[in-house]
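Q: Have a look at this one.
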Amino acid sequence: MFPWCDCVTGPINREMRHLISSLQNHNHQLKGDVQRYKRKLRETQVEIGKLRCQSGEAGPGLEDAVSEGGVEVKKEEEEDQEEEEERRRELERQRAREREREAERERERERERERERERQ
């Protein structure tokens, strides 16, 4: 098509892939941070409930709420495990994309070598 097209689109595509990869990594880190903060919040809430029960502030209703909170904590732990599994799958997909990009770069280098041989 246009001879100048390959020399322009290659660096642009590479830069876009790099930016996308960087954003995906940052997103992955942020998801991990959210996970940690949620876990800390739950642990703190459970600890507060236990302290209230121990100090005698708890009436029958609060004890029920604490036991229901235990069920809620289990649900949240399951959600955390699912989110962690999803992060692992996303990381694996990202690695697969990176391997594919590297293979494409290698194919491009090979095509460039072939062009050089044809010119000579």
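Just so it is clear, glycine is given a Cβ too, placed from its N, Cα and C backbone atoms.
I grabbed these lines from TrEMBL:
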- 86-120: compositional bias 'Basic and acidic residues' (COMPBIAS)
- 9-56: domain 'BRE1A/B-like' (DOMAIN)
- 52-120: region 'Disordered' (REGION)
Q: Using DSSP, how many residues of the compositional bias 'Basic and acidic residues' (86-120) fall into helix, strand and coil, respectively?
A: 34 helix, 0 strand, 1 coil
Q: Do you know the DSSP helix, strand and coil residue counts for the domain 'BRE1A/B-like' (9-56)?
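A: For that range the per-state counts are 47 helix, 0 strand, 1 coil.
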